[in-house]
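A.B. asks: Residues annotated as transmembrane segment in Swiss-Prot: 22-42, 43-63, 77-97, 101-121, 131-151, 183-203.
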Amino acid sequence: MTTNKSYLTYFTDALWINNQPLIAILGICSALAVTTTVTTALTMGFAVSFVTGCSSFVVSLLRKITPESVRMIAQLIIISLFVILIDQFLKAFFFTISKTLSVFVGLIITNCIVMGRAESMARHVSPIPAFLDGLGSGLGYGWVLVCISIIRELFGFGTILGFRVIPEILYASAAHPDGYENLGLMVLAPSAFFLLGIMIWIVNIIRAPKTKR
């Protein structure tokens, strides 16, 4: 039972307590490009979770036989393998989304979260905790992207997951020039950084001890 709780802690801590984008401020560059819609954010979150979880598992599995002098090269090779797998999977079964994400799936190999979990956690613990930590870190990254993308897609396009949320009748037209208009700022990349900054601020307020408020 204690072991199970310990394993669960690796996962839950990565989701919230040690959330990589909000606490460590890692992996934030992709927030610019992949959060214009919820669909792309979900896909990137899934891809990073897969790569981080699987690569952490393999790095941990091979940690005792990997020479210290080449450990980072070995980690990059392992990460590259899973990046290629998820990239090919998306191209085969979700080609439209893969085309939308373009090179950003391949650039997961440069995501600081993936190498960070391999270097700081996976090579120090057994495979199961390493996998749970990697999976939790990926999902923690994913839910941050989804939160940002919901706001950007809703106010930038009036939709969520491609479904119309803001009725067409409310939009400005020749007959109703004072109607609603989408916020063009939300479609632009800087809006993601503003939203991420607000999320970090909110999380810091929630996490701050009551005595410091």
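Cβ coordinates are placed from backbone N, Cα and C, and glycine is handled just like the others.
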A.B. asks: Given the transmembrane segment (131-151), which of the listed stretches 43-63, 77-97, 101-121, 183-203 has the most Cβ pairs that are under 8 Å apart from it?
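C.D. replies: Answer is 43-63, with the largest number of Cβ pairs below 8 Å.
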A.B. asks: Can you find at least 3 Cβ pairs under 8 Å between the transmembrane segment (43-63) and the transmembrane segment (101-121), where each pair is 6 or more residues apart in sequence?
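C.D. replies: Between the transmembrane segment (101-121) and the transmembrane segment (43-63), which are separate recorded stretches, there is contact, as judged by 3 or more close Cβ pairs.
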A.B. asks: The transmembrane segment (77-97): which same-chain residues, six or more beyond its ends, come within Cβ distance under 8 Å?
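C.D. replies: For the transmembrane segment (77-97), the sequence-distant neighbours (Cβ-Cβ under 8 Å, at least 6 residues beyond its ends) are 39-40, 43, 47, 50-51, 54-55, 58-59, 62, 105-106, 108-109, 114-115, 118.
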